[in-house]
């Protein structure tokens, strides 16, 4: 009796509400218990009625049927969930298509500086009355102005600026009184605030506003120790500001000109970018007040119109928005739905890319390492030609900074530089220096529990940094990264720190998070179905009798599912996992040279007979039978029997002769995956394919050697060899990264090239990650539910 008809076909509602027929994957005639450590269904009353060969054949066939059921869309899917997924995808596409100069929240502080500008036509009234209207309409219930997240620095600065603006134009005295009451009640509490949350230039901006307030006869308590401390910081910083230098070349000081005295505006106007000073509305408003410059006016008119009277703390922020939005889609594991939009984003960024790097907005005269690092990383990942020269101006004496001349080390800036450095090509020494510097700095911050950033208040920055340090780029399996980032990403709740707190609406977005969770749950449900079918195959092939553990079975499937994770890649995923399992099973057999030769000869001879006659000649060796049946089923309907048999024959010959099994296994996996994915056989002879095959198999050999040496190094006898091998691995991975992420005129598809990196990455992951860490990853990726 067929297992699919032996009992009724119950269904279970899996993750995301996907109704799934259990009988397509699970043999219901046996009982199971669940192992919480691995998520394994352990057999408790198993009685196999078939011999290994026929049972295995049917088990493989059922696994294939399960895969094809999923692949061809026969699995019932909750229509409401599917409709919601489509809606979210389309909504995000519309967001990307509408990207312009940046969707960013309004800053009351900057709006107040704009509102202070007097009509340059000489009427005596405000140049921007709608800015005053915005201020009057946006006071909070407690009398303050600011972001919905309460940070006292932000609230005090915004509130004082708005009170000064309204008082200047003798408007809304009741609102001013309410705002001053908030300031009076809270200003002394600044001493208790975390300095990492202090907005950019706060120690300059607040004293400037207090001085303005005094001229308007506004009483601000300024005798407290906290205010005196801020004034002391201002005086110290002003003494360090090279006033002569800032008039000679662009510096980051252009972002915070408001309130500064003794400025030579004729010289500073040469440093405008599209009318603004480093895209700062408040700085530009201050310049307009002093210069009546037409370009400043045009810039502010555009910004005020865009934001209905208000202005952000920076505008435009187009480079920032384009890059960070793409980064979020990638890390959440949903970038595959938006390839066209991502290409358009990166084409836009590359249009304004320079060998000195970029800033948060296009055509800026100052660059920063944070945006430059993110841009470098994403552009290199997508095959754009970018030079490492962008990092030169951020390095001095072996240390790296966020902005030239400022040796500050914001966590996120160093984190993104670290991530960029991991995409180094051979001989890119400055990236090696950057990786060492940032890794050490981030590690020190981690061990001292001081991962707090000056640029963003996010859900779990320590977790993001920990993942980057613990799972390097070479070992970061796509589904593993997505699973962790789903918990670390705060969506709409993440808030950035500039001159004031602000939101990047297309960077920190609940819509991304909603789609990512739906997508992950769907993939996880598919993977759990496949895993159940894999266990059935394992039992019916009696692989346990050959010494293969259920943990090895699970590890093989996890590696494949964490890399080729998309539901439509079932064939590749199962072929990858099954090939890995059979390789391990065969290698674990303790056979003499003669027995190995007999094993190989039997496989070769029967494969020839079966390929010629289209039959199923039964071998005498049970494991040979398992192998032949598996190859036959993997090739079914594809016409790749001969190619798969040849790939296995090559691996078996290497095994028989005691050759390099790491290299041979990599070649076998690549051929199997490519044949299973339907890659045209002509691609196998492509020069780039051969280059990638050689580089991948070489580094996989080194990784397998490292893994074996590390296992033997417990006695401390092979540490020198481990060091040498590690150096060779790093060199090999750099060469492979260059081959994969560099576009040539006659190139392979990016998906084909990526498959080589996927195999190398899987070897790297298993070689470097401890077993207990891998076990926790398996549980998290395959079995732990997304909340």
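Glycine is no exception: its Cβ is also placed from the backbone N, Cα and C atoms.
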Review point. Which stretch, out of 368-371, 372-375, 376-379, is listed as motif 'DXDD motif' by Swiss-Prot?
Key: 368-371
**Study point:** Largest tally of Cβ atoms lying within 10 Å of a Cβ, found at which of the binding-site residues 368, 370
**Key:** 370
Exercise for review: Please determine which of the binding-site residues listed here (237, 454) has the lowest count of neighbouring CB atoms within 10 Å.
Suggested key: 237
Revision key, fill the gap. Residues outside the motif 'DXDD motif' (368-371) whose C-beta sits under 8 Å from one of its C-beta atoms, at least 6 past its ends, are 252, 319-320, 323, 357-360, 391, 394, 400-403, 410, 412-413, 416-417, 455
Check your understanding: Can you give the mean pLDDT for the motif 'DXDD motif' (368-371), rounded to a whole number?
Key -> 96
Practice item. Please state whether DSSP places residue 370 (Mg(2+) binding site) in a helix, a strand or coil. Key: helix
Study note, to complete from the structure: Whole-number Å distance separating the Cα atoms of residue 237 (substrate binding site) and residue 370 (Mg(2+) binding site) is 23
**Study point:** residue 237 (substrate binding site) in three-state DSSP notation
**Key:** helix
